[in-house]
Structure formats: C-alpha cells, structure tokens
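Asker: Straight from TrEMBL, here's the annotation block:
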type    : residues                    : note
BINDING : H70, H72, H227, D301        : Zn(2+) binding site
BINDING : H70, H72, H227, D301        : Fe(3+) binding site
BINDING : R79, Y137, H164, Q230, S306 : 4-imidazolone-5-propanoate binding site
BINDING : Y137, N303, G305            : N-formimidoyl-L-glutamate binding site
DOMAIN  : 248-363                     : domain 'Amidohydrolase-related'
Amino acid sequence: MATTVITNISSLVTNDPSLGEGPLGTIRDAAVVIDGDRVAWVGTSSKAPATDNRVDAEGRAALPGFVDSHSHLVFAGDRTAEFNARMSGRSYSAGGIRTTVAATRAATDEALDANVRRYVHEALRQGTTVLETKSGYGLTVEDEARALRIAAAHTDEVTYLGAHIVSPDYADDPAAYVDLVTGPMLDACAPHARWVDVFCEQGAFDGDQARTILTAGAARGLTPRVHANQLSYGPGVQLAVELGAASADHCTHLTDADVDALANGTTVATLLPGAEFSTRAQWPDARRLLDAGATVALSTDCNPGSSFTSSMPFCIALAVRDMGMTPDEAVWSATAGGAAALRRTDVGRITPGARADLALLDAPSHVHLAYRPGVPLVSAVWRAGAREA
Ligand SMILES: [Zn+2]
C-alpha cells in the first residue's frame, strides 16, 4: 500500500486535544501521512517520515472531512415554486412532503440512484466524506425498501424513515399506518438500514406513536434517531434520550427539561440550520445546549423542501453567525460532532488509525469557513485515503 505525506499544512484540525492546541487539537505547520485508507501519522512538517508520495499543501489549512449525519437524498421532483412563494411572502398550498412523495414514487430506480449520486458528489466537493441519508418519500412497503436499497449503494449510514409523515394513503387511519411501519414495512426495510427515525411533531407522529415505531425498529437491530422539537415543543427530545437514540435532530424548541435531558444523556443534539434558514424560522440555540454540556452536531438536512443545501461550510457559517457557536465549536460539531451522532470513532478526526478523510481549504485556518461565508474554500478532499476532489 503506497504511503503519502501531505506537508506544509498551515493549520491542521485533528479533533484530538492530546495532539495539538485547544479542543480541536490544532497543529501549526503540520503534515499528515496516509497509508492506504488510514491516517498513519500526524505532526509538524519538519518531522514527517519519508513516504512514497508527497503533496505540498502550500500553506493551506486542513481538517477532517465533514460528517453530515442528517440528509434526505432519495427523492425526485422539485419544490422551487414552494420555496419561491415562501420567500416572496405568498401562501402556498401544495402538499409539501406529499409533493415529493408523489414524484419519488413515480421515478425510476435509475433516476433516484442518479439523484443520490449527484448530491453525494456535490457534498463531497464541499468536503463531506461521510453522509447519512434516509428513506421517507416512498411511504409504501415497496417504495421505502427501494429507497433504502438505493441509499445503501452510496453510503453505509442508511436510515429507515417510513414514519416521515402518515402516508396520504392512510390519511383517515394513522394507526393502521403505524402498524404498517412497524410491521411489513419494517420487515422489508430493516435489512437495508442501520438506523430507524421518526418525525415526532404535531401533524406527523405523536410521542406514543414515535415510541412504538422506534421500539419496533430497535427490536430489529436498528438504532433510533429522532426528528425532534423542530416546529414546536413536544416529547421528541426526551423520548430520544430515554430510548438511547444516537441523535435528536433539529432541537429548535427546547424546554429546560429537554436541555437537561440532552446534557445528561448519551443522545447527541443535531442542529440543522439550513432548515431554519430556508423556512425563515427561529434558530436553534446552540449556545444554550453547549453551556449545559450537551454534545452538539451540525448537519445539512439536505432535502428538496425545507433545506436544499448540501453545504456543511454554509451550516458552519450560520451556526457561528446566528446560533451562538464559536468557529472552533462549529467546526468540531460538523466533524467530530457528526461522527458522534453516527456513533463513529473512525471518522471526524485526523489521528493515527482514523480513516484518512480530510479536506484542504484555500485558507490559512478553519476559522475562514465562517469568516468567508459562501466562498468555495474546499480545494481538495481525501476519502478513505483516496483523492476524491
Ligand atoms: Zn430531516
């Protein structure tokens, strides 16, 4: 296996405080040695060992590839008109998620696969090397299983979200839909997924339904994660913590008891500022969660309705500008935080033995991700040791 050294890195975020300065373990004038798909060595450039290949970073900063722990990429269709109406102050009465469900059901496997491939690559070019994605726009046994099969061709982090909304086919009988989601649909989907998720919200699934769905998924070996407390206060966050969910996602409307639960549990609070940006909604209060001691992740929520961005740098900039995070905290949450939300220790860090996932920035430090919002700073990406972009 060939070894490669990347030298002359102005500032390297390792996310291991024992390796460098501060909580990000930042090393100045750094080098990274990649051996196959792993990081073999990190340290200062002048001490780098000899390798087969050499890449000169020319004073760029480097950080772990972003870990985007929440996206919805298996979809077809377009909701430009809905977004345009919302941003133009006009009401829009089309069906929201239902619009995407209809388009997704009508799409061919090839079209859905091409869409996922496109957005995974789009994210990769912006530095994302691990990306979770979900079903949830099929809402039939066959369409949900199909979505997960297609997702699994592009990522190991696949989430069963048959409980995205009550299928329009069951509008008059939500209980029967919960039976489907926890019965035949789960049977068809469990083999293709690692996680089970539910949209616990008024108008979607209440706390009792969410508990039923998550418990059924867990019994089939799927670990829970929850869309919780996005649009209103509710039981989602505390249910997630109680059930040992890997992550409670959104966390926009939190009581003190919700914050305490997250601070004292093992569930990561995943914040998705693209959703608040794209719906002109109230920002989640990252500062409150961090000050309480919760683990916070940042993610894109990339989906065609409420957050059509695949850009983790954009989410970092929003989190710093509007959610009370420092640049260091936001970068940690977009890398190590995302890894924690996916219960991964092999990614989200640049340390010996970790998977060699890293992004080079056309900037001298990771702070520029927030300081220079909207600028395409990611100039090179390695995933599992392979130069990808
Ligand atoms: Zn979501």
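Backbone N, Cα and C define each Cβ position, glycine as well.
Quick one: where do these features end up spatially?
Answerer: In the three-state DSSP classification, H70 (Zn(2+) binding site) falls within coil. On its own chain, H70 (Zn(2+) binding site) has E132, K134, S247, D249, T270, L272, S299, T300, D301, A341 as residues at least 6 apart in sequence with a Cβ closer than 8 Å to its own Cβ.
Take the CB of Y137 (4-imidazolone-5-propanoate binding site) and look out to 10 A: across all protein chains shown you find 31 other CB atoms. Look at Y137 (4-imidazolone-5-propanoate binding site): DSSP puts it in coil.
Counting Cβ atoms from all protein chains shown, G305 (N-formimidoyl-L-glutamate binding site) has 20 others lying within 10 Å of its own Cβ.
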Asker: Please give me the CB contact count at 10 A for R79 (4-imidazolone-5-propanoate binding site), counting all chains in the structure.
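Answerer: By my count, 23.
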Asker: Reported in the order helix, strand, coil, what are the DSSP residue counts of the domain 'Amidohydrolase-related' (248-363)?
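Answerer: The breakdown for the domain 'Amidohydrolase-related' (248-363) reads 49 helix, 18 strand, 49 coil.
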Asker: Have a look around N303 (N-formimidoyl-L-glutamate binding site) and count the other CB atoms within 10 A of its CB, chains all included.
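Answerer: Other Cβ atoms within 10 Å of N303 (N-formimidoyl-L-glutamate binding site): 28.
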Asker: Which residues does H72 (Zn(2+) binding site) neighbour through Cβ under 8 Å, counting only same-chain ones at least six apart?
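Answerer: Spatial neighbours, sequence-distant, of H72 (Zn(2+) binding site): T133, K134, G136, Y137, L161, D301, C302, N303, P304.
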Asker: Expressed to the nearest Å, what is the distance separating S306 (4-imidazolone-5-propanoate binding site) and H227 (Zn(2+) binding site) at their Cα atoms?
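Answerer: On Cα coordinates alone, these residues lie 13 Å apart.
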Asker: Given the Fe(3+) site residues H70, H72, H227, D301, which other residues of that chain have a Cβ within 8 Å of the mean position of their Cβ atoms, reported in sequence order?
Answerer: S71, K134, D249, H250, L272, A275, S299, C302, N303, S307
Asker: Over the domain 'Amidohydrolase-related' (248-363), work out the mean pLDDT and round it to an integer.
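Answerer: That region's mean pLDDT is 98.
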